[in-house]
Amino acid sequence: MKLVTWNVNSLKVRLPQVLQWLETNPVDVLCIQETKLTDDKFPQAEIEAAGYQVAFTGQKTYNGVAILSKHNMTDIQKNNPQFEDEQQRIIAATIEGIRVICAYVPNGQAPDSDKFQYKLKWFAALENWVREEMTRHTKLAILGDYNIAPEDRDVHDPAAWVGMNLVSPEERAALKSLIDLGLSDSFRQFEQAEKSFSWWDYRALGFRLNKGVRIDHILLSAELAKQCTSCVIDRVPRKWEQPSDHAPVIATLA
DNA sequence: ATGGCATCGCGCCGATGA
């Protein structure tokens, strides 16, 4: 069983790349963030033709999330039921006994901004909801763009990032608090190359110079963590023409 | 090097992203 998260930065632009990637990587579940599409514009037919069922919730211009699955999806939940939010950032479904949560955590802009406060509030509400979901589902996975680099080793140049969002003590504490519910950062269950990142700035040769951050994560409940045999970042589609600025992260469960 | 780039919107710049 392979579970993937990928922020595609506009599914309208990236649909051909998503379909191409799925052809060579016929994974079971693909969680997508930043579709940037209203539901009436969602390319459901094209995705179903590729052999995937799909659940999605979107809005104009910003945000938007989707789950593509080779298996049946039940109990589809759009957004956090405990958090009123106009922004479409969460979709969840139960797939083969696994509660799959696809999340696009707010960016937060800068630590002194209103958007940062929204990010922290949003994230605290996510934790409260996940705590509840974990009482119902021992097999639970949260995949997404967390917009948080957990540790300095997840940042190409930690000194240059001091004072920025994505790396602040508040954000890192919030992520740690979520993980402390009993989740595992699947990427760190395994030996990984140094300077492994999942996002690189389009500007200033970010990818070529590997100036990136690791902000896309797959968190697994204890039962799933035991079954996890690998977690890798696929840098290949980041090298394609007109790529997303994020790379897919793939967890394999036995 | 406070630049660089990509996407979207009733576009020709501004907001947002990370």
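Glycine is treated like the rest: Cβ placed from N, Cα and C.
Mg(2+) binds A:Asn7, A:Asp145, A:Asn147, A:Asp245, A:His246 as TrEMBL records it, and from the list A:Glu34, A:Glu46, A:Glu48 the residue named for this site is A:Glu34.
Of the chain residues outside the Mg(2+) site list A:Asn7, A:Glu34, A:Asp145, A:Asn147, A:Asp245, A:His246, A:Asn9, A:Gln33, A:Tyr104, A:Trp199, A:Ile215, A:Asp216, A:Ser244 have their Cβ within 8 Å of the site's Cβ mean position. Here the Cα atom of A:Glu34 (Mg(2+) binding site) is found 7 Å from that of A:Tyr104 (active site). Here A:Asp216 (site 'Important for catalytic activity') comes close to A:Thr5, A:Trp6, A:Asn7, A:Gly144, A:Asp145, A:Tyr146, A:Ser198, A:Trp199, A:Ile233, A:His246, A:Ala247, A:Val249: these same-chain residues lie at least six apart in sequence, with C-beta atoms under 8 angstroms from its C-beta. Rounded to a whole value, the Cα-Cα separation of A:Asn147 (Mg(2+) binding site) and A:Tyr104 (active site) is 8 Å.
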